Amino acid sequence: MPMRIERDLHMATGNGETSYTKNSRIQEKVMFQIKPVLEEATRAAYSALLPQTMVVADLGCSSGPNTLRFVSEVIGIIARHCKEHDRRHDYPQLQFFLNDLPGNDFNNLFLLIQQFNKSMARNHKGEAAEALPPCYISGLPGSFYTRIFPSESVHLFHSLFSVHWHSQASEQLKDTKNKCLDIYITKNMPPSMVKLFQQQFEKDFSLFLKLRYEELVSGGQMVLTFIGRKHEDVFTGESNHLYGLLAQSLKSLVDEGLVEKEKLESFYLPIYSPSVGEVEAIVKQVGLFNMNHVKVFEINWDPYGDSEGDDVHDSIRSGENVAKCLRAVMEPLVASQFGEHILDKLFKEYARRVAKHLENEKTKHAILVLSIEKAIIHV
């Protein structure tokens, strides 16, 4: 079945061993790293208007525990801010919208919300009524490459590991015969194909910024976190290695006769890892936002590998950990193109290849975090 973004782009559902819920530690670690940026943006968004109801949206929320960690973090930031400014008797109501494509596991998300609400009530039972701001949480299915909110209605947008995904499967990329069998950018890929990846990101991110500008209130803030790259050279990105090893694993299944070569020739990952320069250039070109903060930091491929050294202590275990994380993200896309029957074998082979790679080179994700504010446009 051909890949369709709105249907197939979602994390692995449920609570099983290969689910996103069980394999989202990388995202958790990144959320911890961006806390200062999120706090600054949240305080600025609230301080701009001191709204009685503050609307916050998480775009590409998925359905794991990190979604509610974000909600909890924002609640805590607003509570601290109000206490510091002697407004604890005048908390805003917090309205959270958790947005993702319709294929997202919203059933699991709603169960998590129910548990979260019960936990909040239990933890603050008997405390003063003003202990925390009241919050209301809703799910919102739909593509963030369309308008999803009324004009000037949102105070804070947040998106973690979502805006680097394409809005749609590029027909030009699908129709290009990929004789190298690469699924992401490599040095062997024709320059025309590389350009298609870049152009799709530029088109999508420009549209995303224009849509969010319409939906943000004056003084509204946005914090976006991408898997990016450290260097401007498109061929030197860390993602090239990560996805290149997946391509090699798929090629090995072609050699074994388990995957049709024609299917791999027409398959690519609808994703792009941008550089700081590319992101800054698009923000400036669109001209609707002021840039507060942009930086790149690194985090180990292995979500459980916290050492800062250059060596991987257990490459086999690390390979398995990396494979579980990538499977939780890529499983629906891969299954839609090649079938579910190849998944176990594919990611076992991928784990082996990652382990071999890590024996020679400890590779890290380059994480790009961007904080921007809605600009005042004088007509």
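Backbone N, Cα and C define each Cβ position, glycine as well.
Given the ranges 1-21, 232-252, 295-315, the record in Swiss-Prot names 1-21 as region 'Disordered'. The sparsest Cβ neighbourhood within 10 Å, among the listed binding-site residues (Gln27, Asn66, Ser143), is found at Ser143. For Cys61 (S-adenosyl-L-homocysteine binding site), the nearest of the binding-site residues by C-alpha distance turns out to be Gln27; the candidates were Gln27, His164, Trp165, Glu265, Phe267. Taking the Cα of Ser143 (S-adenosyl-L-homocysteine binding site) as the reference point, the closest of the binding-site residues Gln27, His164, Trp165, Glu265, Phe267 is Trp165. Listed in sequence order, the binding-site residues from Gln27, His164, Trp165, Glu265, Phe267 having a Cα within 10 Å of the Cα of Phe144 (S-adenosyl-L-homocysteine binding site) amount to none. The anthranilate site is set by Gln27, His164, Trp165; from the centre of their CB atoms, other residues of the chain with a CB within 8 Å are Gly60, Leu160, Phe161, Ser162, Val163, Phe226, Ile227, Ile271, Val329. The Cα atom of Trp165 (anthranilate binding site) lies nearest to that of Phe267, taking the binding-site residues Asn66, Glu265, Phe267 as the candidates.
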